[in-house]
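Inspection log for the structure reproduced underneath, given as structure tokens.
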Amino acid sequence: MFNFFRSVKTQDALSVKPKHIAIIMDGNGRWAKKRLMPRMSGHRKGLESVKTVITQCQKLNIPFLTLFAFSTENWLRPSQEVKFLMSLFQDSIKKESSALIKNNIRFKLIGDRKPFPKKLNDKINSLEKFTEENTGLTLSIAINYGGRWDIVNAVNEYRKQNHFKKTFTQKNLIQNLSLNFAPDPDLLIRTGGEKRISNFLIWQFSYTELYFTEKLWPDFNEKAFMAALFEFQKRERRYGKTSEQL
Ligand code: FPP
């Protein structure tokens, strides 16, 4: 009976929705290995799950989605895989640009762009500029991103503004972080079974609800996404207060 009720629940049944979802997309390699396929096939298949979650966020009017695609530590992977991932990002940006524009999506890239080839940086900059005024989903892709890098980078950005004598505040830091255009994530989803944050948005996750699933990223479909949202709406977010105060 309960299962039946759940299966007929529509997206309208979500009474509390996150405004900002962050995702650590893990398990592409294992997905491929299970099928005796090269790791790259897992990443390629993972791209389909990226499209699924973007579509779901649009359907549900969730305003911010931030995806961890490549960490500052991922450079340590075999060079062939790093090369493949970089070209997958570049191709996806090229191929999907018109779909992003058509769907009123605001595109952002967060992370250290300095090591990217000029061609890739030009593409990123022009897509960001082109979609700047879009009012639908804000899609942020984290590439060469690390939470520790972001914090140190924010302090350096602040120092460039020559405020040496002023006391440094949380607001000063927040204004210079790479996600300074978005509220803190309400929900972090991590696929692939690991239960850690892996140097993702370490500052912004202070009050984020954490959701871990064994599902591998290429298997993360609409049903799995909705399961995360139903779990989220059960959480009581107290921000240090008592239940009675809410
Ligand atoms: C982690 O799985 C996944 C990555 C490091 C790459 C994520 C990239 C995509 C999903 C493809 C495209 C994305 C965009 C935004 C264009 P893993 O390789 O660590 O898997 P494993 O833990 O099973 O080895």
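The backbone N, Cα and C atoms fix where each Cβ goes, glycine too.
TrEMBL annotations: computationally assigned, not manually curated.
The following features are taken from TrEMBL:
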type	residues	note
BINDING	D26, E209	Mg(2+) binding site
ACT_SITE	D26	active site
BINDING	27-31, R39, H43, 71-73, W75, R77, R190, 196-198	substrate binding site
ACT_SITE	N74	active site, proton acceptor
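The number of other Cβ atoms within 10 Å of the Cβ belonging to W31 (substrate binding site), over all protein chains shown, comes to 24. Secondary structure at G27 (substrate binding site), as computed by DSSP, is coil.
Taking a C-beta cut-off of under 8 Å and a sequence gap of six or more, the residue listed as 'active site, proton acceptor' has these contacts in its own chain: V82, L85.
For H43 (substrate binding site), applying a Cβ distance below 8 Å and a minimum sequence separation of six or more within one chain yields N28, F84, L85, L88. Local packing around the Cβ, expressed as the count of other Cβ atoms within 10 angstroms, is greatest for G27 among the binding-site residues G27, G29.
Listed in sequence order, G111, D112, N144, Y145, G146, R148, W149, N199 are the same-chain residues at least 6 apart in sequence whose CB falls under 8 Å from the CB of T72 (substrate binding site). Straight-line distance linking the Cα atoms of W75 (substrate binding site) and E209 (Mg(2+) binding site), rounded to a whole number, equals 29 Å. Cβ-based neighbour count (10 Å, all protein chains) for R190 (substrate binding site) stands at 23. The sparsest Cβ neighbourhood within 10 Å, among the listed binding-site residues (D26, W75, I197, E209), is found at W75.
For ligand 1, there are no nearby binding-site residues; that is, of T72, W75, I197, E209, none has a C-beta under 6 Å from one of its atoms.
In the three-state DSSP classification, I197 (substrate binding site) falls within coil.
Cα to Cα, G29 (substrate binding site) and E209 (Mg(2+) binding site) are separated by 26 Å.
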